[in-house]
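Enquirer: My structure is below; once you've seen it, I'll send some questions.
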Amino acid sequence: MEQTRLKGENEEGDIFERLVERIGMDGKCQTRFNLICNMGFALTSAGCVRNIFVALADQTTGATLRTEMKLTTQQRNGGVAAFRAASEELTTRIREEITAVSQQDLQKTTCNLLLRVYKKINKKNMKANCPHAEMESTEIEHEKAEGDLFNDLMDYVGTEGKFQSRFNYLYNMALMVIVALPALNIVLALTSPDHWCHVPGRNTTNFTSSEWKELTIPRIETEENLDTFSKCSMYNFTLPVDARTLLEARNTGYNSTVSCQHGWKYDRTWYSQTAASQEDWVCGKELLIPSTLFFSKLGEVLGEVFIGQLGDTIGRRPVMFLGVALLVLGRCALLFSAGLYPMFLTAIVVTSLPMGVIFQSPLIIGMEVSSVPQRSHITLLQCVGWTAGLCLTPLIAWIVGGQWQIFTILTTLPCAAVFLAFRTFPESPRWLVAKGKTKRCLNVLKQIAKENGTSLPANTMEILKKLERRKEKVYGVASLFSSWRLLRNTVLISSCLAFVQLLNFTMILNIASMSGNPFLNMFLQAFVEIPGFFVGSILCDRFGRRWSQTAAYLIAVMIQLACLITVMQQHLLWLLIALVLVAKFSVNVACYCVYLQCMEIYPTNLRQTGTSLGILVSTLIGSLSPYIVYL
């Protein structure tokens, strides 16, 4: 029979599952094989064949044939005499099929095949029970595709050991808590508290602050039909003015108004000082706030263009540390540049440049050194770390009384602790072998094997040399459009990410316009992400990525439409908050699904480039959020 090699296309899926899917699961081969497994094992004497044939049959058999397999198993358990009587005719057929193969060769071939396929599931058991297996040299065959060769190397050093656990919990969860703190601190720092015109002269009267405000500030009716004080106008009085003159003017219906002449006063209930209140970015300058947030998103777009692709060019490790350095320096520069708006914008852009790659780099490395079933778990860890950081951010702001400079320092400087891991943070061995960096790849593999308590195959260096001759090239963004399949996946992933980004950022920015404690509102929105990610993980594993994501989008859209109806009803504020939290929950289920797909769909040499392009497009669309909220 002519055998065809399965093309991996750089996918890291289970070879055996793809093989079974290709040859079929309910055919004649399964029928014959199940009979051999459950009744004909008496023909051989190898103990391991008897122990693992049933497991192999279950993995290669569809639901239709499993019932028949169980029946034959029950017959086998009925006793040796009944078994021999029932299988006499079958024995003759089996012997005819294996006449050309000697007993010892059959056992040896079977053991070697099963060892290769099931080494992840029952590796120690099979080695102990298969004396005929030729594994003493622990060498890997070279007659495999490049991806399969490296997958086998990773299987030997371990893909679910202590190294993977330490790396993912340390860098994909704990690190994410730290770097999530400055990710959105700019949103709180740019909040514009409730404000009104400052009218001097109250200290010469006996009026309280509220009475003075009533006398000097006109009332207006908002779009929500609320009667509130004007933020940008005052009654036109010539100062200085005494209290009696002021009362007489107000009692006679004098209502001429002018724009604020003496600055503004701010409600300091929640924020003692923000960048907006410090520089008076209100009224005529209020557009500076959404413009600043727009440039923040623009910086992320530029970062994905210029820094994101560096991950596939110079490596995941240097890009991550470069990103953290830019983040810390840029946020610190904000503290001294608020008075000079062009410099402030420059610092905002510099800070935003590396935001995407800081999250992508450890996630991609974690995916590339771990097994396929662990991918969902790794994504979940990073999402939980990110959410924990977002929950801490408003709590820190609440503790410092909304003083934006102290708050910015407390949420930025912890990122500098990342450099303590400069020597221990590994580069992706998969990227190293793709770039032909054989010696560095071998060192990383040795580090993984040592921590996992395993050993490398004897011919590891020989295999790496062979892979070095076939080393992959990074073709850049254009490669994502080189085939219909890559083009389709890129467009779909970018669209999904854009939808998630737009909804997520819009809901976060809307926190300032919601009544109540803004820090508590932000905390609740962040906290609801945790069950969203956990539910997303369960749904992705049970129902698949595509359908879970589709259902989450539909729910999010319906909830957003409901929010549009209730947002104008002040007495339904509690319902609006509940709907926002449900929408945030659904968006985060979708967010989990699409980020998991990013890590799974793209091949190794395009993984970070493809992910960066998707985030670039989504961030570009998300940059419209500040203006949507402003309108």
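A Cβ is built for glycine as well, from the same backbone N, Cα and C atoms used for every other residue.
Just so you know, TrEMBL annotations never went through curation; they're auto-generated.
Annotations per TrEMBL:
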- 169-190: transmembrane segment (TRANSMEM)
- 241-631: domain 'Major facilitator superfamily (MFS) profile' (DOMAIN)
- 319-338: transmembrane segment (TRANSMEM)
- 344-366: transmembrane segment (TRANSMEM)
- 378-400: transmembrane segment (TRANSMEM)
- 406-425: transmembrane segment (TRANSMEM)
- 491-513: transmembrane segment (TRANSMEM)
- 519-539: transmembrane segment (TRANSMEM)
- 551-568: transmembrane segment (TRANSMEM)
- 574-598: transmembrane segment (TRANSMEM)
- 610-630: transmembrane segment (TRANSMEM)
Enquirer: Along the domain 'Major facilitator superfamily (MFS) profile' (241-631), what average pLDDT does this model show?
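Expert: Per the prediction, mean pLDDT sits at 84 for the domain 'Major facilitator superfamily (MFS) profile' (241-631).
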Enquirer: Applying the under-8 angstroms CB criterion, which one of 344-366, 406-425, 519-539 scores highest with the transmembrane segment (610-630)?
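Expert: Counting Cβ pairs under 8 Å, the winner is 344-366.
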Enquirer: What same-chain residues lie close to the transmembrane segment (551-568): Cβ under 8 Å, and 6 or more beyond its ends?
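Expert: For the transmembrane segment (551-568), the sequence-distant neighbours (Cβ-Cβ under 8 Å, at least 6 residues beyond its ends) are 223-224, 496, 499, 503, 536, 539, 575-576, 579-580, 582-583, 586-587, 589-590, 593.
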Enquirer: Which sequence positions outside the transmembrane segment (574-598), separated from its termini by at least 6 residues, show Cβ-Cβ distances below 8 Å to it?
Expert: 363, 375-376, 379-380, 383, 493, 496-497, 499-500, 503-504, 507, 510, 514, 521, 524-525, 528-529, 531-533, 535-537, 539-540, 545, 548-549, 552-553, 555-556, 559-560, 562-563, 566-567, 607, 610-611, 614
Enquirer: With the transmembrane segment (169-190) as the reference, which stretch in 319-338, 344-366, 491-513 has the largest tally of C-beta pairs below 8 Å?
Expert: 344-366
Enquirer: So which residues does the transmembrane segment (491-513) touch in its own chain, when a touch means Cβ under 8 Å and the partner is 6 or more beyond its ends?
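Expert: Distal contacts: 184, 187, 191-192, 293, 297, 521-522, 525, 549, 553, 556, 560, 580, 583-584, 587-588, 590-591, 594, 597-598, 601, 610, 613-615, 617-622, 624-626, 628-629.
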Enquirer: So which of 319-338, 344-366, 519-539 is most in touch with the transmembrane segment (406-425), counting Cβ pairs under 8 Å?
Expert: 319-338
